[in-house]
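Engineer: To start, I am sharing the structure in question, which I have written as structure tokens.
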Amino acid sequence: MSREGALSDPNAQGGDALDRALRPQTFEDYVGQRKAKANLKVYVEAARGRKEALDHVLLFGPPGLGKTTLAQILAREMGVGFRATSGPVIAKAGDLAAILTNLEPNDVLFIDEIHRLPAIVEEILYPAMEDYALDLVIGEGPAARSVRLDLAPFTLVGATTRAGLLATPLRDRFGIPVRLEFYEPEELGRIVMAAARKLGVPITEDGAVEISARARGTPRIALRLLRRVRDFAEAEGADINRASAARALKRLEIDEDGLDALDRRYLHALVKTYAGGPVGADTLAAALSEARDAVEDVIEPYLMQKGYVARTPRGRVAAPLAYERLGLKAPNGQQSALFGEDED
């Protein structure tokens, strides 16, 4: 999965380590997601008061909204240990069993991309989540027998951008489902200002506003843009203000609405190549030379949230705003094509 320019892979140029250093440590430091944060604080306080493990938590929403950060804060606020892994890494049931048996009482186990767990591993999780127990099969053939191994109470925090891909039995075992939403520009501005202070970067409030307005409602992108704008500002020998930020973002091909070159290629393909749709995700992914997951998880959520694209039972359809963005007039029948249930 790739994005062009400043929205490229988060591991690039050491950004991942820097993002970790800038992460908030407590609920008080965590900006945004007010409803989710308020509810989680109540659940944490109640669990601490009962001296119990927090109920299992499912964090879902578009990438870059702070799911890993929230999981770490939950462990810190509970005063317990934190173990992290990801769905693709746990290939066998034995891998998960080894992790679970090494947890201390009430620890938090964070599984990123939990929708990518193999089915055999999911089945191990069911008794672990419900009964804090592992059902293991020892031996083979007629001599095989089942053994139940007790586990210490723990909290599973699962994170996913594709909650709909979770098996229903697994999804139903999460007592606390939390949907994370895109951030408001004002919230991103506060995040950018706080990060700039930690980095020792001179920045004006209007400079932070310029960056946050183009960050697609996503803190991870806002922090990445801050680093790139800082590079351009330092090369110019200037502080970050509205003018210097706008110049840098223009060079990065990120427009006033936060759309980058890949977004514009998507809209161009949908509107001009496929006449506004409807067109399937696989077809669009092939036209962009991107994986379908990248189209569905990275490109489309923001475009749909901004009103450029709609999903219909027949495929993706360009909204009138997409035509306007490309300087075209929407066909008369295009508006009616937008109505109907979302595509699965």
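Here the Cβ of each residue, glycine as well, is placed from N, Cα and C on the backbone.
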Engineer: Could you look at ARG34, ARG173, ARG230 and say which one Swiss-Prot places alongside LEU22, ARG23, GLY64, LYS67, THR68, THR69, GLU130, ASP131, TYR132, TYR183, ARG220 in the ATP site?
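Structural biologist: My reading of Swiss-Prot gives ARG173 as the candidate in that site.
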Engineer: Reported as an integer number of Å, what is the Cα distance between ARG316 (DNA binding site) and TYR132 (ATP binding site)?
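Structural biologist: Given the Cα positions, ARG316 (DNA binding site) is 43 Å from TYR132 (ATP binding site).
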Engineer: Under a three-state reduction of DSSP output, how is ARG316 (DNA binding site) classified: helix, strand, or coil?
Structural biologist: strand
Engineer: Measure the Cβ-based neighbour count of GLU130 (ATP binding site), defined as the other Cβ atoms within 10 Å of its Cβ.
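Structural biologist: Total other Cβ atoms inside 10 Å, all chains included: 10.
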Engineer: In whole Å, how far is ARG311 (DNA binding site) from GLY64 (ATP binding site) when you measure between their Cα atoms?
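Structural biologist: So the alpha carbons of GLY64 (ATP binding site) and ARG311 (DNA binding site) sit roughly 22 Å from each other.
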Engineer: Indicate the candidate from LEU22, THR68, TYR183, ARG292, ARG311 with the smallest number of other Cβ atoms within 10 Å of its Cβ, considering only these binding-site residues.
Structural biologist: ARG292
